[in-house]
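Before any comments, here is the structure.
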């Protein structure tokens, strides 16, 4: 239950910091890395999406590195 709460809180924080949401800027997925080695610029997701998050267990994934660079600065 604590993990669900923390994930929900994380999602709310991330979505509130996204500057512009549009069809190409939407978060593709949030992926949990089993090894906890998620960091900005790593590939994540089913089709090699790009991670945009600080070092940790959860990756916020976008369709392209350019979108990550735009939304994560």
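Cβ coordinates come from backbone N, Cα and C, glycine included.
Residues or ranges marked as disulfide bond in Swiss-Prot (evidence: experimental evidence): 38-68, 44-59, 51-61, 52-72. Sequence annotations record features per position, and here Swiss-Prot assigns signal peptide to 1-20 based on sequence analysis.
Annotated features, which come from Swiss-Prot, shown on the structure.
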{"residue": "59", "record": "disulfide bond", "Cβ within 10 Å": "25"}
{"residue": "61", "record": "disulfide bond", "Cβ within 10 Å": "24"}
{"residue": "68", "record": "disulfide bond", "Cβ within 10 Å": "20"}
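For the pair formed by residue 68 (disulfide bond) and residue 59 (disulfide bond), distance between Cα atoms is given as 12 Å, rounded to the nearest Å. Mapped onto three states, the DSSP output places residue 68 (disulfide bond) in helix. Under the DSSP three-state reduction, residue 61 (disulfide bond) is assigned to strand.
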